[in-house]
Every structure is written in C-alpha cells, then in structure tokens.
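Mind looking over this structure? Questions follow.
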C-alpha cells in the first residue's frame, strides 16, 4: 500500500499495473498446480503470500528505478517512521475501516447462518470484484489530475468528475443488467459447482450496487484532491456503523438475503454521503439530464432482454446493441439551462482550455 501510494504521488500509475502482472500470473499458475496436486489450504495460502511478496519487491524495484534513486542507500529511522505515521493517520484509519467493513457482513452472517450461506455470499462478492476494481482504478488514476486542477477552480474539478461519472454510468448499466440476467449461469460457470447456482438471488441483489458504487471512487478522489480526507474518514465510519446496525438486524431476521440487502443499503448510504459532502464542500454536480438521457436506452435494453421470444443470450446481445445505439459514448456538450459544459470555466467565469 505504501509503495503504491508513492507511485501514485509520483504520477506513475502504470507501474502499478506492470508490477501486478507477474505476481498475479504466478499466483494463478501456482494456485492451479497446488490445487491439482491435492495440497490443502495452507499450501494455497503460502502461494498467495509469496505472490504478494514478489509483487511488493517488484513494485518497489520499479519505483526506485523510475524516480531515480535506485542507488540511494536506505536508512531506517524510528523517528521518521512515527512522524509519517502521525501525518498519515487519517488515511491509515480510513483504509483500515474500509477493509473491516468489507468483511463485516460475512462476519455477521457467520453468527446467524451456516457455512453454505457464507460461501454463497462470499462467492457473489467475488464475482463483483472485477467491475468494482475497474471503478476503483479509474478513480485512483484521476487523483493527480484532480489535484493539479484544483488551482484552476472548482469548475474544472466538476468537469472532470462529471465526465468520468457519465462514462462509468454508460458502462456500468449494461454490465449490471447482463450480470443480473445471467447471475445463475455465472455462478455455476465460475465455481464449477451447481450448488452455487442457488445463490443467484444474492448476486442479483448485489448487482444493483454496480450502478450505485461507480460514483464513490470518483467523488472520493475529488474530495481527497481538495484536502477533505477527514470527510472520507467520517463517511467510512458512518458506513461501518450502518453495516453493524442494519446488517445485524437484517441478517438476524432474514439470513442470507438480509446480508445482501444490508450490503445494498450500505452502498446507497455511502453514495448519498459522498454526493452530499462533494456538493457541500467542493461543487454541485448537475447530472440529472445525463441520467434521464440513459433511461430510454436502459428501458430498451431491459425490454428486449426480457420480452423477445429468442434465446436469452441473443436477447441480451441485441439489447446491448440497441443500448449502445441509444446511449452512445459521445459525451454531451450542451450544458445545463443552455450553458456550455464542454468548456469548464474558472471562478472568474473565463473559459479554461
């Protein structure tokens, strides 16, 4: 995490992707061999630890060479370490709470349900991770640009954030629809066990969060770019409290379905907080027209996928084609109430190039 933070600070985010490729490929290959050879969970855990350690060393090597201090000796200082820890306690606490909150629903479910329900919930979470990682990586990659743009006024911040949210909306909606329709098939195919197909309703509930959560990474980086890291800390603390309260109540009464609904409620609360704080502390975003513009395309996608008397896969393909035609990927240039949003303006009202 520290190495990746330094890489982002140096605006060399491509090194993160390069560093992760060998470790992930090696982990997949070694994990497949370990499982095929009949080794147990400890061996698989050792493979994962070795892969992460290799990724760390490779990323650190790339960083040292890229920023030009490969030959500089490393000195360890307890005093400097404590100083950095005090300066970064907000970020450290926020990340720690996010990690804890990510597994909280599973932990709560373990107190009220059996191993089968826990496996179904975890399986659905894992299916969503690739799309959520794309959202997060898009958000992380914008931080240097947003931080540099803050000196040009909040209008530039609003322009960058709005364009990213519009793009992610157009990508996230069809992904969520396809995953909702094929939830049962995806679970059965990925895990190779028909028993996982029974958890399709969990994945369908969580799939709604794909449309909701696309906003958080972008708005979160916008808040960080404006030095609002304590706001992020308050948001994640409230998220954790909501998960503990709502999650415990729903899981205790409804079990597995309650855990899925609790996760969705937390996502809604998280988005609402990000939106409110961004509007209050940075700038108001006007995206209602974009959402309205996507409604006909989304309805067409859903109608074709659900009503045409064709094989389900063909229905979805046709629906996606119509969606892409109606939604398009050319971002809007006309502003709100007749103003031009393609050229953001500074605080003085002059156009920014």
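Every residue gets a Cβ built from N, Cα and C, even glycine.
Got these off TrEMBL a minute ago, pasting:
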- 15-35: transmembrane segment (TRANSMEM)
- 41-63: transmembrane segment (TRANSMEM)
- 167-192: transmembrane segment (TRANSMEM)
- 198-219: transmembrane segment (TRANSMEM)
- 231-250: transmembrane segment (TRANSMEM)
- 256-275: transmembrane segment (TRANSMEM)
- 287-307: transmembrane segment (TRANSMEM)
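Could you tell me the structural context for the features on the list?
Within the chain carrying the transmembrane segment (41-63), a Cβ under 8 angstroms from the stretch's Cβ atoms is held by residues 3-4, 6-7, 10, 12, 15-16, 18-20, 22-24, 26-27, 30-31, 34-35, all 6 or more beyond its ends.
Within its own chain, the transmembrane segment (167-192) has Cβ neighbours under 8 Å at 123-124, 127-128, 131, 135, 138, 199-201, 203-204, 207-208, 210-211, 214-215, 218, 290-291, 294, 297-298, 301-302, 305, 312, 316, 319-320, 323-324, 327-329, 331, counting only residues six or more beyond its boundaries.
For the transmembrane segment (198-219), same-chain residues at least 6 beyond its ends with a Cβ under 8 Å from one of its own Cβ atoms are 120-121, 123-125, 127-128, 131-132, 135-136, 138-140, 142, 161, 164-165, 168-169, 172-173, 175-176, 179-180, 183-184, 186-187, 256-257, 259-261, 263-264, 267-268, 270-271, 274-275, 278.
Residues 90, 93-94, 97-98, 100-101, 104-105, 108, 220, 223-224, 258-259, 261-263, 265-266, 269-270, 273-274, 277, 281 of the same chain, all 6+ positions outside the transmembrane segment (231-250), place their C-beta atoms under 8 angstroms from a C-beta of that stretch.
Using a Cβ-Cβ cut-off under 8 Å and counting only residues 6 or more beyond its ends in the same chain, the transmembrane segment (287-307) has close neighbours at 162, 165-166, 169-170, 173-174, 177, 181, 315-316, 318-320, 322-323, 326-327, 332, 336.
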Cβ under 8 Å, sequence separation of at least 6 from the ends of the transmembrane segment (15-35): give me the contacting residues as numbers and ranges.
4, 7-8, 43-44, 47-48, 50-52, 54-55, 58-59, 62-63, 66
